[in-house]
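Following: one structure in structure tokens, then a few remarks.
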Amino acid sequence: MSSLISFIFLFLFSSITASAQNTFYLYHNCSVTTTFSSNSTYSTNLKTLLSSLSSLNASSYSTGFQTATAGQAPDRVTGLFLCRVDVSSEVCRSCVTFAVNETLTRCPKDKEGVFYYEQCLLRYSNRNIVATLNTDGGMFMQSARNPLSVKQDQFRDLVLTPMNLAAVEAARSFKKWAVRKIDLNASQSLYGMVRCTPDLREQDCLDCLKIGINQVTYDKIGGRILLPSCASRYDNYAFYNESNVGTPQDSSPRPGKGGNSSVIIIAVVVPITVLFLLLVAVFSVRAKNKRTLNEKEPVAEDGNDITTAGSLQFDFKAIEAATNCFLPINKLGQGGFGEVYKGTLSSGLQVAVKRLSKTSGQGEKEFENEVVVVAKLQHRNLVKLLGYCLEGEEKILVYEFVPNKSLDHFLFDSTMKMKLDWTRRYKIIGGIARGILYLHQDSRLTIIHRDLKAGNILLDDDMNPKIADFGMARIFGMDQTEAMTRRVVGTYGYMSPEYAMYGQFSMKSDVYSFGVLVLEIISGMKNSSLYQMDESVGNLVTYTWRLWSNGSPSELVDPSFGDNYQTSEITRCIHIALLCVQEDAEDRPTMSSIVQMLTTSLIALAEPRPPGFFFRSKQEQAGPSIDSSTHCSVDEASITRVTPR
């Protein structure tokens, strides 16, 4: 916010309610950079605009929001007013009229102005302000009273989450308005209110409210923030007219006034409640029996679906609360699937929340696939799925929180890579290998990951690797060894030749990706980059093969290691990696063999041949080998490509 004015404000007028007829002035802001003269066309247009806003018919004020324009460019004036939803049309008209009469006194020569009152907002500008987000020139007002019987850090958490939930509700509503009652304890409650101008898009309203809500310090018993496009407030009394807005969502229902209405409510609600409870009991028993049956039945080759993971389902409101309504500051990263946020469940457990982008056409299938696949996996080198949410348009995965981000964050940063010496990197290579072996052989299902890369390897507190992002994974049947697809997904730099060119994938496809990953871990360089040697240019795999052929594989080693590594150990890892990236899938080792090769040096290694996607020099192109370089891309992003058969 460019010009937020912040100060402590004692609420001396706490007895004023939304139904009060007296208009209570709060604050105004004038644009001192653009002015007009008293006899100008703009001055005439502004007076016309203000007069029209204050002389509408009664029905116009009942909506609580109106816009208007006067004149032609460059002297056109656009204006609007917004009244609180809980005030009557008479109070709205009174407030707007009062504001109009004060406008030219408070901002006599300014082309832009915004005026805040307890019951309404008035705004005008020489720019188009309709359906346009503006968070400049706001004000933060705060009570001088401290919270009672609640620690300040607890108080902030108690208030912030409901206010963010109210912001989401307001952004989705037609009137862009929401209230909340927040119970601090058995005897203390707070009341919250958020609002936007109804012309804003849902996302603009939510962004505006989040900016405002997070400007408040929440260390006092009451506070509010006023912005041109939105406002929010909380206090320890009902400062809005509850009868006009309905009971706040978090509060308990109050008893009705009429005896007949109470009888009708009891007569209708009790039978419905009993019927509902009976249905819940029946479906619970059936669901339990179904889960028991599913545990006993063998897994079909293609019969897995998201319903088998029903016990993992989260409520969307719980996820919103955990992430503070997907607060931008909690964002951990973003990919083709969507955004990932850090969250804290009500139990105190930290989680990573992966939210499917609503514009992602491919993400919906990958979402259901990831739930089905990961829900069945348990291994120390695989990220753990805690649950999911499938509610309306929302598709969310909840994972264990892994604090050290992904491997690429360390490998390809000149400063961060210093935290990964060779001992740690060797440990990471072994952990990744064991994780893939579990997917291929040791789990109940045979799973091909199809998108193994540094960005999908997370590191925990002890730098142990955890394979993540199973959106592209495929489950193989009992005797299935390979599959074909017209929909090639993954990351080109890590794809095996047979998969990238023909859509054929198998366990050996993951082995190829693992080989590329090992070379990146050893060198600290990206396979997608180009490297020059002997007047020839190639990717990391090509560069490694040339070094190997010249008898100088140690030149691949990350200089950040210094002399703190065993040459024989690193050379063996390079050798294993080259075996993994062989052009012919049959020439690549299995993951079980790779784990054994990494575990003991007693196993002899085969001599590697030129790898797949090998960039050949002019001299090499003269040979009989087929040049595969035309099929190689340096794109790092996970892609989906449909190929004709």
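Don't overthink the numbers, they just go from 1 along the chain as shown.
Just so you know, glycine gets a Cβ as well, placed from its N, Cα and C.
In the three-state DSSP scheme, ASP451 (active site, proton acceptor) falls into the coil class. According to Swiss-Prot, the active site, proton acceptor annotation covers ASP451, on the basis of sequence analysis.
Under the heading domain 'Gnk2-homologous 1', Swiss-Prot lists 24-129, citing sequence analysis as support.
The feature domain 'Gnk2-homologous 2' is assigned by Swiss-Prot to 135-239.
The domain 'Protein kinase' annotation in Swiss-Prot covers 326-603.
Annotation source Swiss-Prot lists topological domain 'Extracellular' at 21-262.
The topological domain 'Cytoplasmic' annotation in Swiss-Prot covers 284-645 and is backed by sequence analysis.
What Swiss-Prot lists as transmembrane segment is 263-283, and the listing cites sequence analysis.
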Taking the topological domain 'Cytoplasmic' (284-645) alone, what is its mean pLDDT?
80
Provide the three-state DSSP residue tally for the domain 'Gnk2-homologous 1' (24-129): helix first, then strand, then coil.
36 helix, 32 strand, 38 coil
